[in-house]
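I have placed the structure first, in the form of structure tokens, so that the comments after it can refer back to it.
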């Protein structure tokens with residue numbers, strides 16, 4: 001009798017490591033999507049035990065690694081072997097049981113750019129919030145944050161300062177990844193503006209870089225919550241003689257300006273809240289002022305990317321928000337008495353310039 005534990009045939013690939021048949025594609029789905037929770041928990045172990053750091057200064061035997069992290073050798077070997085298969089680490093084929101870093105694992109070391117993302121997205125709090133994902137789809141509304149003792153995602157920061165720091169560091173990673181594309185865009189010119197306000201700008205990295213590139217901008221303002229701007233890690237705050245950091249709440253008021261930028265802000269909020277945010281900004285906009293929105297624009301005609309759909313579910317579960325198509329963005333702007341002036345095509349993350357009607 002089959003115990004249910006027998007091993008099905010795993011994906012077969014050709015010489016180029018390409019999955020070739022429907023069966024192989026289905027089995028690959030098992031190894032990625034269906035078993036995703038296992039990947040997440042395994043990666044959580046690697047992050048907690050700083051294994052990427054341990055291998056940074058050279059190859060280590062399994063005994064050296066296990067002694068360092070306080071894990072028995074058999075378990076440690078199976079953990080590292082798992083991630084050799086996922087190309088995070090490599091094993092010396094001439095000396096089995098000796099492991100070394102890869103260029104990928106370096107990115108997740110303490111000095112690596114992706115370390116904050118690796119820690120945050122496998123964090124116990126993050127994992128706990130996603131246990132109720134089936135209920136979210138059944139109800140059309142997420143109560144995920146209640147499982148971690150808060151009514152709204154943003155309240156987590158007061159209760160869990162370490163998670164808040166990880167969030168801020170993760171936002172810095174996203175901003176760094178987008179900066180070169182934004183600053184090199186031929187479709188945007190900030191030289192025409194006297195004051196530029198980055199709403200929800202975290203620690204001012206984007207607006208700071210714009211001030212470096214555009215000396216004609218007289219004043220840059222980084223506007224975010226007090227808990228973000230005055231976070232425990234002040235080393236993240238960007239410093240520039242023309243940059244001011246102002247704490248506040250964009251549901252209440254924002255600084256007056258002739259240009260606003262918002263990067264991945266509105267996708268954090270349900271439509272009715274997005275309308276409130278835009279109407280708050282509207283009250284402070286100088287004549288002919290513009291808002292540059294850096295947001296994902298889903299285009300069904302081009303097909304759905306894994307990144308866009310992943311972020312959409314992330315927003316759904318954590319903050320009851322979503323990613324939007326261009327038509328959905330236009331509907332939102334209409335509700336807030338704004339108009340879409342243009343889409344900036346050479347911004348990979350998506351960029352829309354809007355103004356008041």
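From the backbone N, Cα and C atoms, a Cβ is placed for every residue, glycine too.
Here's what Swiss-Prot has on this protein:
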type     : residues                : note
ACT_SITE : 267                     : active site, proton acceptor
BINDING  : 200, 224, 249, 250, 263 : S-adenosyl-L-methionine binding site
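Known features from Swiss-Prot, placed on the structure.
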residue	record	Cβ contacts under 8 Å, 6 or more apart
200	S-adenosyl-L-methionine binding site	223, 224, 250, 262, 263, 265
249	S-adenosyl-L-methionine binding site	225
267	active site, proton acceptor	295, 296, 311, 315, 321, 322, 323, 324
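Neighbour density for residue 263 (S-adenosyl-L-methionine binding site): within 10 A of its CB lie 26 other CB atoms from the protein chains shown.
Taken residue by residue with DSSP, residue 224 (S-adenosyl-L-methionine binding site) is part of a strand. In three-state terms derived from DSSP, residue 200 (S-adenosyl-L-methionine binding site) belongs to neither a helical nor a strand segment and is classed as coil. According to DSSP, residue 263 (S-adenosyl-L-methionine binding site) is assigned to a strand segment. Binding-site extent for S-adenosyl-L-methionine: residues 200, 224, 249, 250, 263, maximum pairwise Cα distance 16 Å (rounded to the nearest whole number).
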